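Asker: Dropping the structure in here first, questions after.
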Amino acid sequence: MGAIFSRPSQWIVLEDDCYDVGHTWSASCTYSSLELFTIVFLQAAKIYLPLYIFGDIVRRKSLKFFLTRTIWYVLRSSIFLGINGGGFVTFICLLRKLFGRFYFLSAGYLPGLCSSLCAILTERKSRRGNLSTYVATIALETLYRLMKHRGYVQPLPYGEVMLFCFGSAVLFHSYKSKAAASSLTDFLIGILFKPKIPHKFRKALPGRPGIVHDVLMFIANTTLVSLWSFGLGYAMQTVLNALQLGMRIIKNPARIKQVLTKPYNRHFSSFVASFAASFKIINALLRLLSVPRDVRLYLSGFFAGLSMLFIRSNAMSLYVFVKALEILYFRGVRAGWLWSHYYGDVVIYSISTAMLFHSALFEAHNLRLSYWRFIDRVTGQRLRDLNYDIIDEYQTDSSQLLHIIEAQEQQERRQQMQRENRTRGGERTTS
């Protein structure tokens, strides 16, 4: 976990105060914790409010639901994230006072574990499962990165595609068997196959009900699903791009064109369309061959997963893989083969988030860059204010690793500026 194992640094102790190491921006432990809680709470509200509103629109919730439930959900989720951030500083100080010094684990992992445990218990039970799955996905990716960095594992060609194929096989089988592990899985897959051929159009097809009529119906239905999925994927990616820009898109409306014309939009849309269409086509062919239903669903989902070749996303592949493991786990629980605990999602979230806190402190380069940006943003860049000169005494080269992250950010910003300059230059040439 991060730098937790394989280094003698875990036996080094620091006699420095929590003010010298942690909250360097203020000498007061209480003020530092409350300030960071406020910063994270406000940033979280900016993130959760549009997400909850978008979810209400998709689910066609009423204005009354928004006023009575959604606002409370936004506040509760923002408090949850605020406790996760502010509590990290709180437990750094408490553990320093309890032990009288800093140990390797008490400098990062244990404060992250305690703050995450307190935070997740304040969140709604219905959200804990999805949160634990999401954080466990990032933690697994971080663990893989640090093991690869140490030379313990070697990259597997198209490994992310294989993971996605396995995950999609389980997800599609669960969806079609009405045994999905969560309503989120039902919603995400179900929305792909939502469009249906109108009854009037069915009557307009040539021929009487039979093989020709059924083939034409299948072609029309598959085409409709493909077009719907392509448009849905394009819309989802466009909204995500706009949310990432935030207020900058309002201050500079010219960025709208940049949001709409990103090449990744087309790649993601092609992935979603091929994912839905290939499942329908392969499932239909296997049905004609009289393949047993369970085998047919698994095979259709597996080969539909090859659509991941369009985008090859490690994050999405890992998430689907972890979600599939979750579904298989609950199947084992229902069958009486595995043991379940009411607070299992709490434990998974706490352990995974603690690992991410520890990695952000000691091995930031092993974190996914987008997640590092998320932490950096919601904490108001307070993570950069830690005293890495003292932390380097653990022999983890934390300050140098942080510089690697900052260099990657600067490089991406330069590339972004170059793309924008080329876009503006092309617009001037056209005009």
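Keep in mind that glycine also has a Cβ here, set from the backbone N, Cα and C atoms.
What TrEMBL shows for this protein is this:
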DOMAIN    17-146  domain 'Transmembrane protein 135 N-terminal'
REGION    412-431  region 'Disordered'
TRANSMEM  36-58  transmembrane segment
TRANSMEM  70-92  transmembrane segment
TRANSMEM  98-121  transmembrane segment
TRANSMEM  155-173  transmembrane segment
TRANSMEM  215-236  transmembrane segment
TRANSMEM  268-286  transmembrane segment
TRANSMEM  298-322  transmembrane segment
TRANSMEM  342-362  transmembrane segment
Asker: Determine how many residues of the domain 'Transmembrane protein 135 N-terminal' (17-146) DSSP places in helix, in strand and in coil.
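Answerer: When I sort the residues of the domain 'Transmembrane protein 135 N-terminal' (17-146) into the three classes, I find 110 helix, 1 strand, 19 coil.
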Asker: Which residues, given as numbers and ranges, are at least 6 beyond the ends of the transmembrane segment (268-286) yet have a Cβ under 8 Å from it?
Answerer: 168, 172, 192-193, 218, 221-222, 225-227, 229-234, 236-237, 295-297, 299-301, 303-308, 310-311
Asker: Which bits of the chain, at least 6 residues beyond where the transmembrane segment (342-362) starts or stops, bring a Cβ under 8 A of a Cβ in it?
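Answerer: Residues 1-4, 84, 88, 107-113, 115-117, 120-121, 128-129, 131-132, 135-136, 138-139, 142-143, 146, 371-372, 375, 383, 386, 391, 394, 396, 398, 401.
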